[in-house]
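What follows is a set of notes on a single structure, which appears directly below.
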Amino acid sequence: MYLLIPAAGMGKRMGSNRNKLLLTLLGKPLLSWTLLAAEASQKIEWVGIIGQPYDFPEFKTILTTISFTKPVELIQGGETRQASVYNGLQALPKAADNVLIHDGARCLVTPDLFDRCAEELLTCQGLIAAISVKDTIKIVDSNQFIKDTPNRSNLWAAQTPQGFKVSLLKQCHEKGYQLGWQVTDDAALFEKCQLPVKIVEGEETNLKVTTPVDLAIAEFILKQRFTH
């Protein structure tokens, strides 16, 4: 299985002007933890890290420090996540039929989740890891008044990895570019192209580290893993 990791995010909500994946979590950059899970995965054979060239020296240092053994390529990202993933798709080895895309900021992902998604992708065209929503969700108008309360049993919170047939995802990206679609994940492109996307049970601990509170929670979860 081939894995693309978008890793170009700035840590503005962290109060930082540098790439948030280079911020430290238990003595290692966030990106290290994501890569360690990829290294331990039984299914992932190749990794592409999508970022900006000025971060590449630090990415290389991370790969050396954690003794990453799988083939890896550093790929220049675009102005948006969507553009970055498109660049990543173009850089995949020709042999790649299927691809997993995983946000580098979801640094608590486990090797098991990578492997389950990789296995499931052999039986479908597209999938995402997701968890059922526990909170009641409200839809509001521009004045912050509630318009509707959707049925919680139909709501799932999207995570990554998200996996797709490479040829289909390339077509979706090209169509999205031509029609000016702007989406926040690749599953949305698949949906707009009327293609099916399956849910794979994600992990509650697979949070996206975006704020200082997220960082503190991630630290707690990692410490629990090490003590058990």
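Note: Cβ is positioned from N, Cα and C throughout, glycine not excepted.
The site 'Transition state stabilizer' annotation in Swiss-Prot covers R13 (among others).
As annotated by Swiss-Prot, site 'Transition state stabilizer' applies to K20 (among others). According to DSSP, K20 (site 'Transition state stabilizer') is assigned to a helical segment.
What Swiss-Prot lists as site 'Positions MEP for the nucleophilic attack' is R152 (among others). Contacts of R152 (site 'Positions MEP for the nucleophilic attack') defined by a Cβ separation under 8 A and a same-chain sequence distance of 6+ are given as V133, D135, T136, I137, in order along the sequence.
In three-state terms derived from DSSP, K208 (site 'Positions MEP for the nucleophilic attack') belongs to neither a helical nor a strand segment and is classed as coil. On its own chain, K208 (site 'Positions MEP for the nucleophilic attack') has D103, A105, R106, Q159, D214 as residues at least 6 apart in sequence with a Cβ closer than 8 Å to its own Cβ. Residues or ranges marked as site 'Positions MEP for the nucleophilic attack' by Swiss-Prot on the basis of sequence analysis: K208 (among others).
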Cβ neighbour count within 10 Å of K20 (site 'Transition state stabilizer'): 24
